[in-house]
Structure formats: C-alpha cells, structure tokens
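Written out below as structure tokens is the structure these notes cover.
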Amino acid sequence: MAGTEAERWGSRLTGMVVIIAFLVMASFYALAKENLDQKVLTEGDETHYVMRLSKSQGQPGRRVGHYHVWPDMKLGWKIVVGAIIGFFGAAFGSVGGVGGGGIFVPMLTLIIGFDQKSSTALSKFMIMGGAAATVFYNLRQRHPTLELPIIDYDLALLFQPMLVLGISIGVSFNVIFADWMITILLIIVFMVMSTKAFLKGVETWKKETITKKEAALRLQSNGVSNDQAVEVKPLPEGPSTGGTRTEETKDSKRPEVSILENIYWKELGILVAVWVIILALQIAKNYTKTCSALYWVLNLLQIPVAAGVSLYEAVSLYKGRRVIASMGGADKKWKVHQLVLYCAGGIVAGIVGGLLGLGGGFILGPLFLEMGIPPQVSSATATFAMTFSSSMSVVEYYLLKRFPVPYALYFCAVAIIAAFVGQHVVTKVIAILGRASLIIFVLAGTIFVSAISLGGVGVVHMVEKIEHKERLGFESLCTY
C-alpha cells in the first residue's frame with residue numbers, strides 16, 4: 001500500500017515538474033530570443049568575431065559557417081552578474097557533484113555574450129577549476145561513518161575509464177546529431193534524473209528522521225544528557241555489516257586527516273595513466289584527417305585502454321579481491337549483470353556528457369545514489385571522476401584555441417573560490433543538522449535548473465535554424 005502511494009505521489013510530482021519546467025522554459029526562451037536578436041554583425045565588431053567558413057559556401061538554404069563571438073573583457077554589469085551566477089552555479093554544482101555546466105553555458109551565452117561553442121569550452125574550464133578545488137578539499141575528508149577516505153577509489157576505477165571513453169563517443173555524436181535531437185534528449189534525461197534524485201532525497205530525509213528519533217530515545221533510556229558528545233551520523237544506503245554502528249562519539253573517528261593518508265597511490269596512478277594515454281590519443285586524432293584509417297585506429301585504441309581498467313576492477317570485485325567499502329559492507333557478492341550494468345552506466349554518463357557538453361556528474365551522481373553510496377561519498381567520487389574528464393576537454397579546447405584565456409582564468413578563479421565556499425558551508429550545515437540528504441536536494445535542484453536553462457537555449461537555437469531554413473537532419477562526421 002505504501003509503495004502504491006509513493007508511486008502515485010511520484011507520478012504527480014513528475015507531472016508538476018514537467019509543467020513548471022515548460023512554463024519557465026517559455027519565459028526563458030523569450031529572454032534568450034531577445035538576447036540573440038541583438039547580436040548583429042557590424043563592421044565595428046569584426047575584431048571580436050572569427051568566422052570559420054564551411055565548404056557549403058554558395059549552397060542555398062544553408063548558412064556558410066559559424067561565428068566565434070568573444071566579447072572584450074571589461075568591467076561592467078555583465079561580467080559582475082556573470083560572476084555572481086557562476087559563483088552560485090559552481091558552489092551548488094560542487095556540492096551536488098555535477099560541476100554546474102548546465103548553469104555556466106546559458107550564463108556565458110546570454111549574459112556575457114559568447115557563442116554556444118565558446119561557452120561550452122569556457123564552461124569546461126570552470127568545471128575543471130571547481131572540480132579540482134573540490135577534490136583538493138575532499139582529500140582531507142573522511143567517510144561519514146567508516147574509517148575510509150570520502151573519495152571511493154575503487155568506485156572511481158570502475159566508472160572513470162568508462163566515463164572518459166563515453167565522452168569521446170559523445171563528442172562524435174554531438175557532431176552527427178541535429179541540435180533539436182540533442183535538446184529533446186537533454187530535457188528528457190535531466191527531468192528524469194532530477195525527479196529521481198528528488199525522490200531519493202525525500203526517502204533519505206525520512207530515514208534520517210527515523211534515525212535521529214531512535215538515537216534520541218536511546219539516549220533518554222540510557223540516561224545520557226544532551227551535553228555529552230554523541231553525534232548521529234547519516235546511515236549508508238548500502239548493505240552494512242553486523243558490527244557497523246551509526247552512533248559515534250566525537251573521538252571515535254577522525255573527520256579530517258592529512259592529504260597523503262587519504263590518497264590511494266596505486267589507484268590514483270592507474271587513473272592518471274588512463275587520462276594521459278587517452279588524452280594523447282585524442283590530441284593525435286585532432287592532427288589527422290577525419291575518417292582516415294589513422295583517425296579510426298586512434299579512436300579504437302581508446303577502447304582497450306578504458307575497458308581494460310574497468311574490466312580489471314569489475315573482475316576483482318566479482319572475485320572478492322577488491323571491495324567498494326564505502327557502501328558499508330565488505331562481504332557484498334557482486335553479480336555479473338550488476339557490474340556490466342554499472343560499466344554501461346559509466347559509458348552512458350560519458351556519452352550524455354560529451355553529447356551535451358557537460359560533465360558526467362549529472363548521470364553519475366544519481367547513479368551512485370541508486371547504488372546505495374552515501375550522499376557525501378557520491379558527490380566526492382563523482383567530482384573526482386569529473387576532474388579527469390573535464391581537464392581532458394580543457395587541454396583539447398586550449399590546443400584548438402576554442403576560448404579566450406583571460407576570460408577562462410577569471411571564471412575559473414570564481415569557480416575555485418565558489419567550490420571551496422560551497423564545500424565548507426555544506427559540511428558545517430550537515431554537521432549541525434545531521435542530514436546528508438541536503439546534498440541530494442542540491443543535486444536534484446541543480447539538474448532541474450540546468451534542464452530549464454539549457455533547454456531554453458536549445459529551443460532558441462532550434463527555432464533560429466528553422467527560421468533560416470537550415471538542415472535539421474543528421475550530419476556527416478567525415479565532412480564536419
């Protein structure tokens with residue numbers, strides 16, 4: 001009966017979310033349309049534009065190329081408002097483990113005035129800065145209930161190589177798929193993920209409420225006064241061993257340790273090696289002719305590198321040689337279909353991230369929560385994996401000269417400061433309230449806002465292409 005009631009409320013919530021999203025998106029569309037209509041190419045602005053002409057010059061019904069719009073960097077209301085929005089986007093994105101790209105791209109496009117492709121590249125730079133700052137902050141933090149680092153390196157080994165491989169595939173799909181297809185996919189995926197994350201947050205909030213009440217009753221029955229140092233930690237969602245306790249005195253475990261103690265060097269070395277090898281293959285691919293034999297060889301070489309590491313981790317988990325200890329149970333028996341499904345989830349997260357120009361945290365965060373990973377560990381590990389993928393994109397964009405360096409450094413600094421502030425504030429709030437479910441609500445809210453903002457911008461571009469009678473079908477990767 002309870003399950004039926006929960007499903008009914010879930011359906012109602014989904015319907016309300018969709019209705020509100022489209023109402024807000026309509027107003028967002030009007031704002032974006034007005035902004036884009038003001039971008040007219042004039043002779044005085046020629047120094048701020050770089051035109052890349054395509055081979056389709058002279059073809060009727062097609063635009064001859066796209067424009068890179070790089071506004072002058074000068075102090076004004078645009079850069080101030082952009083910095084404020086970027087600050088909150090990076091703060092919430094770092095807390096939720098999603099990066100904040102869904103907020104950065106519309107801000108850079110509609111407020112600062114960059115074109116879509118340059119905004120995507122700058123967004124990756126901001127995501128990298130915020131993710132790196134968050135990882136540095138988390139390197140001193142410990143698991144909320146276990147004597148472990150808050151970053152789960154075994155979980156990262158299972159997902160990060162697949163994430164990087166998926167991003168490479170997603171970037172190619174971004175070239176092939178039409179903009180309207182990407183926009184519809186974005187809205188559907190983000191709405192589903194935000195709704196699931198919100199429902200997971202409600203479920204976790206209820207569990208935390210029950211845990212706090214039970215802890216208070218035990219304290220009263222034992223005659224323990226409120227001024228004694230007893231802290232109720234959030235329960236891990238995964239299976240727990242019989243000896244695991246959720247009540248700990250303040251001296252029973254260390255909330256922070258030295259950075260060196262929290263780093264698992266072997267696992268980190270493997271992840272860095274995967275990053276270096278795939279980045280080298282990507283850079284080499286950019287200097288080859290598209291669709292040539294060497295181009296495809298360099299593309300296919302990424303598969304054994306990424307799949308080999310994830311397969312090694314999956315086999316080790318299956319045979320019990322390694323464990324995902326952050327789930328709270330070292331005796332978990334993994335099934336083959338579970339491991340295959342999770343590896344596929346990593347690839348899907350990467351494909352969606354590469355296709356939409358975002359970090360994979362939008363998919364990994366909710367996926368980790370569904371696996372039963374505690375919210376703090378889910379956010380920290382998703383951000384850790386996202387650091388590798390975003391930095392890889394930044395290096396490629398830099399070599400291709402896709403963004404102005406001064407703007408990139410400025411907004412990256414904003415993202416770094418925001419990430420530190422966001423992590424510090426949420427850590428204090430969770431310690432005071434004892435509710436890690438706040439992280440899940442931040443995750444759901446960030447995904448929802450990203451769906452509205454990116455969806456609105458996507459609808460604007462789709463309408464603009466229809467007005468100019470541009471091609472709306474699939475594109476050829478080999479003629480891009």
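Counting starts with 1 at the first residue shown.
Backbone N, Cα and C atoms are what each Cβ position is placed from, and that goes for glycine too.
The transmembrane segment annotation in TrEMBL covers 12-32 (among others).
According to TrEMBL, the transmembrane segment annotation covers 79-109 (among others).
Annotation source TrEMBL lists transmembrane segment at 121-139 (among others).
Sequence-distant neighbours of the transmembrane segment (151-171) (same chain, 6+ residues past either end, Cβ-Cβ under 8 Å): 135, 138-139, 262, 264, 267-268, 270-271, 274-275, 278, 282, 299, 302-303, 305-310, 312-314, 317, 322-326, 339, 342-356, 360, 364, 368, 373, 377, 380-381, 384-386, 388-389, 392-393. Taken from TrEMBL, the feature transmembrane segment applies to 151-171 (among others).
Sequence annotations record features per position, and here TrEMBL assigns transmembrane segment to 177-199 (among others). Non-local neighbours of the transmembrane segment (177-199) in the same chain are 10, 13-14, 17-18, 21, 102, 352, 355-356, 362-363, 365-366, 369-370, 440-441, 443-445, 447-448, 450-451, 454-455, 458-459, 461-462, 465, 471-475; each lies 6+ residues outside the stretch with a CB under 8 Å from one of its CB atoms.
Sequence annotations record features per position, and here TrEMBL assigns region 'Disordered' to 230-251.
Taken from TrEMBL, the feature transmembrane segment covers 263-284 (among others).
Taken from TrEMBL, the feature transmembrane segment covers 296-318 (among others).
Marked as transmembrane segment by TrEMBL: 339-368 (among others). The list of residues near the transmembrane segment (339-368) in space but at least 6 beyond its ends in sequence, with Cβ under 8 angstroms from a Cβ of it, reads 93, 96-99, 101-102, 105, 120, 123-124, 127, 131, 155, 158-174, 177, 182, 185-186, 189-190, 193, 196-197, 200, 310-311, 314, 317-318, 377-379, 381-383, 385-386, 389-390, 443, 447, 450, 454.
What TrEMBL records for 380-400 (among others) is transmembrane segment.
Among the features that TrEMBL reports, transmembrane segment is placed at 407-426 (among others).
Long-range Cβ contacts of the transmembrane segment (438-463) within its own chain (Cβ-Cβ under 8 Å, at least 6 residues beyond either end) map to 17, 21, 24-25, 28-29, 31-33, 36, 89, 92-93, 95-98, 100-103, 105-106, 109-110, 116, 179-180, 182-183, 186-187, 190-191, 193-195, 197-198, 200-201, 204, 356, 358, 362, 365-366, 369, 375-376, 378-379, 426, 429-430. The transmembrane segment annotation in TrEMBL covers 438-463 (among others).
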Legend entry - Beyond the flanks of the transmembrane segment (407-426) by at least 6 residues, Cβ under 8 Å: 70, 73, 79, 82-83, 86-92, 94-95, 100, 104, 108, 112, 122, 125-134, 137-138, 438-439, 442
